[in-house]
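Note sheet for the following structure.
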Amino acid sequence: MTMTLPVATPEDTRRTDRTDRIVEIVQRQGALAVLVVVVLISFATFPNFRSFDNTATILVAAAPPMLIALGMTFVILTGGIDLSVGSLYVLGGVLAAWASQFGFVTAFAVPLLVCGAIGVANGLLIAYTRMAPFIVTLAALLGARGLMRAISSEGSATFLVQSDAFRRLGNGSFLDIGYQVWLVAGLVVLGIVLLARTRFGHAVYAVGGSEDAAALMGIAVRRTKIWVYVMSGLLAGLAGAINAAKLGSGVTVLGTGMELDAIAAVVIGGTLLTGGAGTIAGTIAGVLLLGVIQNLINQVGNVNSNWQQVISGTFLALVVVAQTYLVKLRRVS
Amino acid sequence: MLEVLDVSKIFPGVRALDRVSFRLAAGEVHALVGENGAGKSTLIKVLTGVYQPDEGELRYQGEKAQFGTPMDAQHAGISTIYQEVNLIPQMSVAHNLFLGREPRNRFGLLDEKRMHHEAREILAGYGVTADVKRQLGTLALGAQQMVALARAVMIDAKVVIMDEPTSSLEPREVETLFGIIRDLHRRGIGIIYVSHRLDELYQICDAVTILRDGRVVHTGKLAELERIKLVSLMLGREMSGSFSAFKESDPEVSDAPPVLRARGLTSRRKLHDISFEVRPGEVVGLGGLLGAGRSETIKAIGGAYPLDSGDVQVDGVDLKKPTTVRAVKAGIAVQPEDRKAEGIIAGLSVRENIALAVLPQLSRFGLVSDAKIDAIVEKYMTRLRIKASGPGQLVGDLSGGNQQKVLLARLLATGPRVLLLDEPTRGIDVGAKAEVQSLIDELAAEGLGVVLVSSDAEELIEGADRVVVLRDGVVVGTLTGAEVTTEDLMATIAAGGNQ
């Protein structure tokens, strides 16, 4: 190339650059900032909150939702949604408890296989029939819940975890922090690398940003979509298994609304529901924020725990409004 | 280098490409021109693997080629930049540039540093100096287009297809683009250049292929083809079977004060200082090629296209900044170009479609009077001779011509002063066309001011009392009088601005 003519004058660039950077920081780190503030206030107000044990409790409780939200982040980044994860979470727990009689490995393998397969089905349907993810995964939600009720005789049969090794995973700890927290932390780090530093991760952003453009740029749109639903299914199943290990049985009444909590956490973490923008770091902040709010309500003691949902809901609405505004601010007119 | 041999592409009901053949030589800049629906986009999609040809074959570098997906074509070295920037606005400039073929380090992870470094170097050659870590969507459109071009050329392209690359560029950006095209030309890369801007074609292209109605009507050296000839080949004046039902215009209209006055309409890049007037009873045509700014002008007057400056007056009253609400209140009715997308609601009945725009006038305390709707619907169905089984028939089940009439009825029911019609006879059969044309005549005779946009040169000449010719968003001439011919129109389009 021989010639150059400036396309944007330096002044324009500098001005929009600064607005951009501020908007980007708010969008990316907003949830984290709120989390820090909430934690600091709690530290000052509630003596019990300060204890190391309480922190460990929050983290253990947040482990399964974190896994589900991790998968959901990928799905939402492609512009999709996965409503089936709450059902898969319960199904995974029941299957893990049942399969634990055959040993530690099967306790993991069975829920992962079944939930992964449902994820494959979701992905194939969404990628090839172009049906709305909302409908496809709603069908999976109903199907998986039915399957769970069928194998647990209408939810009345409770499978107790038989494998000691599997039970230890749910109750043992390393450096006084539960094993499951370490496992989840490891997977989250993997997720971050996958999203930010691999071609697959960039394809996820591209598909969510503009599916048609991504296809024209030679991105394997279908394959990308299938994979995110498979990941989401696997992570939901794993979350169920971890929870079963902690509780010592496959509890059939959990998980209702888990998918909505996960979506809320992802959105609070700054990921756009329309896809194409967001980070896992944001999702971590979102999950922890919801967890901390829950924990605080428990600390206060005499408050009805349903207030937690009121607070989370209000917060979610605020975030969405703020995001809409930020996105507008960012768009060059 | 790239050859298209007798390629046909058939869609339900349409032969989008009919045995099209053309040849692109290495290092050649080949213009591909044609009006809307001529088959350019379809041809490009066949070349880039989006569509498969139903008949005929592609030959690439001397061998028969088949591109199953856009990726196949890209791997083979054919890359495309589309009219709308087809990149991911939410991703960074550098990530867009490398998407799908990012450099990786020895762990298989993306090498961000190298990506940013290389992106900066490459883009400098295209005059883009913005931070490569910025989100692409925050760049000006011209810069985005340059990134798209850089991406297209980067992949060892041997053929680059550019679909209206300059439509969102500023003049100096066009200069940069042409510099790059000349450079590609020197490197032996073949370029297919789609544009409606004749000046640009003659400035940069060696050869030309003209498509019309899915067929190649001319192919050869561009320098040997006169502008006027090029325009008439594109518009296809010799088209047989087209006739017009317009009556001779009435000469006495010209004394009344204008019902619509547009002054200095200017909108970034698309419209430049467009002014014209319409008197009651007058039909003013807007002529010009696709992309000349005809639809934008109409939309701007109707408040649906942003204006940077200029004003619109109805009956001498200034609309201030036109918005759709103000325009409707002032008595401006717009019939959009795309009937299906912006006009009729196919799933509703004839009655509902007609009554849609007048519901506020027909309701009291928020309740709609059925009897009043029936009266209006009845009136316009008779008046416009809408052929439907009854007011309850779904509009989607009507013929194109009757759909158009339903749309007209809806506009008329609001009691407008000015009617802006964008391609009112497109896609409807000859009989219905004649009917719509005589309706336009009748409405004008009743004192409405009408602005008519049509790609059909004959319709424009016959139907309008005056034709304002636009080119690249500028008024390049006005044709008045009964003796105006389609040749005059084409001469103005071809020569306009150069006189």
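Glycine too: its Cβ is placed from the backbone N, Cα and C atoms.
Tertiary neighbourhood of the transmembrane segment (A:25-46): same-chain residues 268-270, 277, 279, 281-282, 285-286, 288-289, 292-293, 296, 299-300, 315, 319, 322-323, 326, selected by CB-CB distance under 8 Å and a gap of 6+ residues from either end. Residues or ranges marked as transmembrane segment in TrEMBL: A:25-46 (among others).
As annotated by TrEMBL, transmembrane segment applies to A:58-81 (among others). Outside the transmembrane segment (A:58-81) by six or more residues, the chain places 89, 126, 133-134, 137, 177-178, 180-181, 183-184, 187-188, 191, 195, 204-205, 207-208, 211, 224-225, 228-229, 231-236, 238-240, 242-243, 246, 258-259, 261-263, 265-267, 269, 271-278, 280, 283-284, 286-288, 290-292, 294-295 with a CB less than 8 A from a CB of the stretch.
Residues or ranges marked as transmembrane segment in TrEMBL: A:101-125 (among others).
Annotation source TrEMBL lists transmembrane segment at A:132-151 (among others).
As annotated by TrEMBL, transmembrane segment applies to A:177-196 (among others).
Sequence-distant neighbours of the transmembrane segment (A:226-245) (same chain, 6+ residues past either end, Cβ-Cβ under 8 Å): 63-65, 67-68, 70-72, 74-75, 77-78, 80, 82, 84-86, 88-97, 100, 107-108, 111-112, 114-120, 122-124, 126-127, 137, 161, 166-167, 169-171, 180, 183-184, 187, 200, 204, 251, 254-255. Under the heading transmembrane segment, TrEMBL lists A:226-245 (among others).
The transmembrane segment feature in TrEMBL is assigned to A:280-297 (among others). Long-range contacts of the transmembrane segment (A:280-297) within the same chain: residues 28-29, 31-32, 34-35, 38-39, 42, 46, 49, 54, 57-58, 61-62, 65-66, 69-70, 72-73, 188, 191-192, 195, 261, 264-271, 303, 305, 307-308, 311-312, 315, each at least 6 residues beyond the stretch ends and with a Cβ under 8 Å from a Cβ of the stretch.
The feature transmembrane segment is assigned by TrEMBL to A:309-327 (among others).
Listed stretches A:132-151, A:177-196, A:309-327 were compared with the transmembrane segment (A:101-125); the greatest number of C-beta pairs under 8 angstroms is found for A:132-151.
With a cut-off of 8 Å between Cβ atoms, the residues of this chain six or more beyond the transmembrane segment (A:177-196) that come close are 56, 59-60, 63-64, 66-67, 70, 73-74, 77, 168-171, 204-205, 235, 242, 245-246, 279-281, 284.
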